[in-house]
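Heads up, the thing below is written out as structure tokens.
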Amino acid sequence: MLSGSPARCRTPEQPQAAPLVEIEPSAEQRRVAVRQVNLGKAGPTKYQEVPLIIKEIKPLENLDATLTLPGSKSYTHRALIAAALASGESVLTNALNAEDTELTARALALMGARLDWQGHTVRLRGTGGRPAPVSESIYLGNSGTSMRFLTAVAALGRGTYRLAGTPRLCERPMGELLEALKDLGVTAISEKGNDCPPIIVHGGGVAGGKTSLSGAVSSQYLSALLLVGPLSSRGVEIEVTGELVSRPYVDITLSVLSAFAITYSREAYRRFVIPGGQAYASREYGIEADASSASYFWAAAAVTSGRVTIANLDLESVQGDIDFLSVLARMGCHLISSSQGITVEGGPLRGIVMDMSAMPDLVPTLGVLAAFAQGETVIQGVAHLRHKESNRLAAVVAELRKMGIAAEETSDGLRIVGGNPHGAEIDTYQDHRIAMSFAVAGLKVPGVIIRDPGCVAKSFPDFWEYLEKLST
């Protein structure tokens with residue numbers, strides 16, 4: 001286990017890494033969409049046993065590729081919930097079919113939404129804002145987004161709901177969201193009394209009122225309240241104290257609210273007012289490509305001095321991770337925006353000082369780029385990454401050191417000195433972003449081996465197939 005993880009909740013013992021199986025997995029083994037879920041039924045999730053494998057990344061030369069990527073995970077989560085709370089049928093196109101979004105969809109199906117998910121299109125008949133009772137525990141895997149959003153959604157329902165997940169999810173703090181819901185007339189408690197999942201929610205509706213949230217821990221608390229506020233009796237007023245981390249994710253939430261006919265007002269990111277008694281409108285809704293997913297391929301161009309174009313993204317996106325392009329430009333890359341998409345051309349990289357509070361998911365990617373940059377890179381504003389799928393700060397430091405790079409944690413981020421990284425066997429800590437970020441390093445130096453590559457199913461099941469497209 002990595003050291004340095006603050007004990008906010010009881011910390012279960014982490015499982016030991018499974019044994020290695022093979023270097024060159026078959027195409028079937030590389031498939032990470034192994035979970036088979038019938039969203040139309042309330043039965044338990046079924047799992048297909050798949051051996052843990054490792055994947056060696058092969059370096060690339062003369063990289064020049066154009067890709068069209070799957071939809072945004074952040075938009076898909078929020079659009080699924082908005083459609084499930086509407087009356088009538090909505091159609092979501094280019095929805096991301098990944099482990100996390102599937103967990104959200106299954107939970108909504110248990111709560112009475114009727115879903116038909118075919119490829120990247122979802123037809124969803126909503127509950128009219130009144131989720132049905134659920135007799136079984138709602139399992140949410142390691143999806144913090146699902147846990148936080150659906151805790152609030154369950155408050156709108158009837159009966160008592162139990163939301164649970166993996167041991168790692170049950171280490172992630174929820175106390176401030178539970179307190180805010182209490183202010184709004186909701187009874188939601190930590191089953192073990194430690195402010196962490198499993199969470200018990202007593203439905204009956206959200207009365208509304210005023211509450212406050214610290215902006216320092218997670219913007220998902222705010223998004224959860226924004227999603228249910230329109231269906232409250234008296235409306236909701238939320239004051240945010242301190243600087244709000246991950247602001248662009250709140251922008252995504254507000255964008256989805258507007259798309260589904262919800263009104264609100266705000267004063268910057270300090271105060272949000274959502275009138276009660278509203279109704280989500282069903283609609284057809286297209287989901288743009290995931291900027292977080294795009295970042296790995298742009299980073300590939302950066303480390304290999306190659307060229308990668310993402311065809312289905314533009315600079316007008318409100319996704320915060322689109323700003324990773326400015327990070328790449330500061331490090332020495334050349335950017336081109338055209339009708340064909342957004343292109344990154346790599347070049348000699350230089351270290352930078354960067355506040356990553358607006359795009360924390362990409363800190364591991366920047367950490368890997370920093371290893372190849374000349375000079376020192378300092379990453380700031382991301383202390384909350386210690387509470388993600390893994391302790392991401394400690395994970396990045398540990399794996400970069402394996403590659404011969406000087407790296408250390410700071411109070412709110414990382415300090416990395418660029419050099420000449422070498423290959424290493426990378427532990428992923430069951431964290432999709434660690435796996436995908438360090439795969440980028442393997443496109444430049446030989447000998448990078450990713451343990452448990454299937455963990456990318458959480459957000460990007462086809463990542464390895466797309467990575468292989470870079471060489472064709």
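Placed from the backbone N, Cα and C atoms, the Cβ positions cover glycine too.
Residues near D361 (active site, proton acceptor) in space but far in sequence (CB under 8 A, at least 6 apart, same chain), listed by position: S292, D321, R433. Residues annotated as active site, proton acceptor in TrEMBL: D361.
In the three-state DSSP scheme, S246 (3-phosphoshikimate binding site) is classed as coil. Long-range Cβ proximity for S246 (3-phosphoshikimate binding site), meaning a same-chain Cβ under 8 A and a gap of 6 or more residues, is found for S218, S219, Q220, G320, S357, A358, M359, P360. Residues or ranges marked as 3-phosphoshikimate binding site in TrEMBL: K73, S74, R78, S218, S219, Q220, S246, D361, K388.
For K73, G144, R172, Q220, R392, R433, K458, the entry in TrEMBL reads phosphoenolpyruvate binding site. The Cβ of R392 (phosphoenolpyruvate binding site) lies under 8 Å from the Cβ of V363, P364, L385, R386, D431, R433, I434, each on the same chain and at least six residues away in sequence.
Per TrEMBL, domain 'Enolpyruvate transferase' is recorded for 59-467.
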Candidates K73, R78, K388 (binding-site residues) - the one closest to G144 (phosphoenolpyruvate binding site) by CA: K388
Assigned element (helix, strand, coil) containing R172 (phosphoenolpyruvate binding site), judged by DSSP: coil
Other CB atoms within 10 A, centred on K458 (phosphoenolpyruvate binding site): 24
The one of R78, R172, K388, R433 whose CB sees the fewest other CB atoms within 10 Å, among these binding-site residues: R172
Whole-number Å value for how far K458 (phosphoenolpyruvate binding site) lies from K73 (3-phosphoshikimate binding site) (Cα to Cα): 10
